[in-house]
Amino acid sequence: MEERKKIIFSGVKPSGDLTLGNYLGAIKNWVNLQEEYDCYFCVVDLHAITVKQEPKELRRRTLEILSIYIASGIVPEKNTLFIQSHVSAHSEASWLLNCNSYMGELGRMTQFKDKSQKYGESIGAGLFTYPVLMAADILLYNADLVPVGIDQKQHLELSRDIAERFNRVYSPTFTVPDAYIPTFGAKIMDLQDPSKKMSKSEENPNGYILIMDPPEVIRKKVSRAVTDSIGVVNYTDDQPGVKNLINILSSIKGVPAEDIVKSYEGLGYAELKRDVADSIVSELEPIQNKVRDLMNDKTYLEEIYKKGADKANYVAMKTLRKMQKKIGLIPR
Ligand code: TYM
């Protein structure tokens, strides 16, 4: 008999335009995992509304992310691609898990701590409970593996804690998921301040590259990337700007950082930047063209996300029913 394939769940939230960090830390790796695993790739729109969204933009971005998944090489026929809000079990399971989570553990999430410093008392309650919704996403599908960038590692550990607790209190229900974090693209840094993660919420657009940035903009941003005055291409924490450029190249080319360093012996930052810009452009340009085509074919996109929602809903409802029953809710 054929052995059951292991399950993957991952998602990106449509709260802003996607960056090269989202691509190299997450989406690019999903493409490589899709053969070996039974994959659920979700556009997590309910996560995006933890901060204010303009409805029209949210709709556009949700479909753009779905298009980016497909354009990057995720094959819709082989994977389950869907939109989180189309499967109501996510919201329902999230409530059940909220009632089995602690203020203390949620308050220790560094992303929440950072955000609460920024927003103070008026921080949204959704930003506090958001990791529980993320746990619901993952646990509903009994995912074995969750491919994410390093910034999501703590949230994934919380998902494991929540799963283990539920299994202990109510009897074994969930698979306890493992994180899958790539070696070189796990944390792409800001091009202007390489001590910070590359993020769409940064104010200076020269710090990030968007997946949909035109080639000339990509080249300009890379050429302006902050380096140092050492002048030698080395992979070291003392040269964080250069290290970040090497990580980008390494992750796109699938070549270890040490080999990249060797190939720049006797060369300088200008050559490195030129090659980094070339590799990003040649990676993203075909994706951008496909995204534009897909965004003009809403019927096709609708077909994909509807089919995906049907499949996801079937699996998620089964798990949700199990949870409800174990907790003591009366089945309908
Ligand atoms: P989000 O939408 O912020 O980011 C999506 C993915 O991109 C990765 N990432 C990065 N990787 C490398 N370098 C960077 N600079 C960088 N910036 C972002 C993130 O690690 C992530 O993998 N809560 C999640 C979305 C989510 C999810 C889930 C993920 C909701 N439910 C269930 C996995 C499983 C989030 O906000 O990611």
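Indices start at 1 and increase along the chain as displayed.
Keep in mind that glycine also has a Cβ here, set from the backbone N, Cα and C atoms.
Annotations in TrEMBL come from automatic prediction, not curation.
These features come from TrEMBL:
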type	residues	note
BINDING	Lys13, Pro14, Ser15, Gly21, Asn22, Gly149, Ile150, Asp151, Ile188, Lys197, Met198, Ser199, Lys200, Ser201	ATP binding site
BINDING	Asp137	L-tryptophan binding site
MOTIF	14-22	motif ''HIGH' region'
MOTIF	197-201	motif ''KMSKS' region'
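Within the model, the motif ''KMSKS' region' (197-201) carries an average pLDDT of 91.
Secondary structure counts, DSSP: the motif ''HIGH' region' (14-22) has 3 helix, 1 strand, 5 coil. Taking a Cβ cut-off of under 6 Å from any atom of ligand 1, the binding-site residues Lys13, Ser15, Met198 reduce to Lys13, Met198. DSSP labels the residues of the motif ''KMSKS' region' (197-201) in these numbers: 0 helix, 1 strand, 4 coil. Around Lys200 (ATP binding site), the same-chain residues six or more apart in sequence whose CB sits under 8 Å from its CB are Ser15, Gly16, Asp17, Leu18, Thr19, Tyr208, Leu210, listed in sequence order. Once the Cα atoms of Lys13, Pro14, Ser15, Gly21, Asn22, Gly149, Ile150, Asp151, Ile188, Lys197, Met198, Ser199, Lys200, Ser201, the listed binders of ATP, are compared pairwise, the greatest separation found is 19 Å.
Taking only the Cα positions, the spacing between Ile150 (ATP binding site) and the residue listed as 'L-tryptophan binding site' is 18 angstrom. Here the CA atom of the residue listed as 'L-tryptophan binding site' lies 12 Å from the CA atom of Lys13 (ATP binding site). Considering only the binding-site residues Asn22, Ile188, Met198, Asp137 (L-tryptophan binding site) has Asn22 as its nearest partner by CA-CA distance.
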